[in-house]
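For reference, the structure discussed in these notes is given below.
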Ligand SMILES: Nc1ncnc2c1ncn2[C@@H]1O[C@H](COP(=O)(O)OP(=O)(O)O)[C@@H](O)[C@H]1O
Ligand SMILES: [Mg+2]
């Protein structure tokens, strides 16, 4: 396992942590004090009876007054330190979430592809909460559980070293079992924590897709995946709880045994006169207060081992490789995009090979090619979701590799075929395009994207809450919302990846027009699913297996005798009818992204 640099996470919060520890330490002192005073008070009451002497009332009153003051001080400090614990721990974990959020934005998209979506959210939610609980509850408890027994222990050693020795010995032996339990969690825990996150991501997935699955009558099947994950979690939870639980139980038993042995030894010693009855009494009372916090400490230390796993997992995100950039580099004014000898592969799959092309400002370029030829990849590379392995992509002459990804994205509007909507109002979902947009601006963008009609029909209009992912809206409606976002964002570079694929032809024609209006003065790149929408493009690039095989205008390419001509002919023959090939083996089904030409009839 990696070296544990856990507390580095909190490097900026050292003061908060110190204040949590310090205040709890302070509040524990009067607590130890009034335990001791209680003992002296009882002694002051009992001893005169045993010795048949008169009570010293002024002494007792004094003790009582001290006792009450210590108690009040203890209460006050406890309230202060508890409030402090919560506030500080909360602000630490908020800071941590912000740091994580910022970090996630600077990571390559590849990081998320390697991980389960539940795993990433798990780190943000579960692991950070685990760390927060540790700071607000466990850390103060640990302080108390150490300070109080140490104070009492010192006092008891002073009273009778032999009996105190028995107590300390039992603590030492018991401690061994806590170490054992922590070892077991270290060995099993990662699997357990991963299983917890896997379960949450399966549940998410299931909840998101339940409608779709139902329509295919697949709930049973899909459910079995969820079911298996749950079973695995149950098994692992059981394993780590039992395996780690047994040593914890032994720990508790040993401490109880220590207390009893000490008392028995004390009783014997009163017979030989090595210890007085009041001393034995002292051990009975304070021994209890000595052991109680230690009994609490053991399980906490065991649970803290889980926290360390969480912290390690958070650390893994924080140390993941970022997209590098040159902090000095400003965005150029020019928005011309250029590919110079660009080659790109995902892991070991070559996708783009030696691409050279230029996307001028104030022009529309269409990317055409069979499904899998690399069109979406080209668009994603411009937005720097990944970095290319060789060659360079530049904007206004500056390689995107040198640009801060946040800055770069501020200049780009993207619309994808798959649209994700947040669990928020429609207005806020459109506002994603421009943070401080007024409702008027939002409505205007919605009108241009043709969403106003369906939005106004919704029960709360623009304030209607969309369900997570957007499953309460149709694919076409989601896509129109995402187009409204892009229109609202009003960025100089517009990348449309099959942006109108889920729309009916009527809406598509209108939106197409709106999008074309968007082009004025901008750099527009379109992956379209219908040829009709790209006939006016200033330039068309035909991608064939990761290479540009043809380029030019529609008029040029349509008679060029190449792939473009073949594809165009096929769509012409299909007569613009939307026919979906039901046979997935038909390669050309996805000719232009999701174009619906049924090619089996033509070939
Ligand atoms: N994240 C990814 N990881 C690995 N391979 C990918 C990834 N995204 C796309 N690919 C592969 O890269 C190739 C090009 O994909 P893509 O750019 O989406 O094509 P298009 O948009 O033209 O359909 C395909 O073979 C696809 O399977
Ligand atoms: Mg694609």
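If you go along the chain as it appears here, the first residue is 1 and each next one adds 1.
Glycine is treated like the rest: Cβ placed from N, Cα and C.
Among the features that TrEMBL reports, domain 'ABC transmembrane type-1' is placed at 32-304. The transmembrane segment annotation in TrEMBL covers 33-51, 57-80, 139-158, 164-181, 242-263, 275-294. Annotation source TrEMBL lists domain 'ABC transporter' at 337-570.
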- Close approaches to the transmembrane segment (164-181) from elsewhere in its chain (Cβ under 8 angstroms; 6 or more beyond its ends): 149, 153, 156-157, 244-245, 247-248, 250-252, 254-255, 257-259, 261-262, 265, 287, 290-291, 294, 298, 301-302, 305
- Query: Taking the transmembrane segment (139-158) as the reference, which of 33-51, 57-80, 242-263, 275-294 gives the largest number of Cβ pairs under 8 angstroms?
  - Reply: 275-294
- Query: Considering only Cβ pairs under 8 Å, which range in 33-51, 57-80, 242-263 makes the most contacts with the transmembrane segment (275-294)?
  - Reply: 33-51
- Beyond a gap of at least 6 residues from its ends, the CB atoms lying under 8 Å from the transmembrane segment (57-80) belong to 23, 26-27, 30-31, 33-34, 37-38, 40-41, 44-45
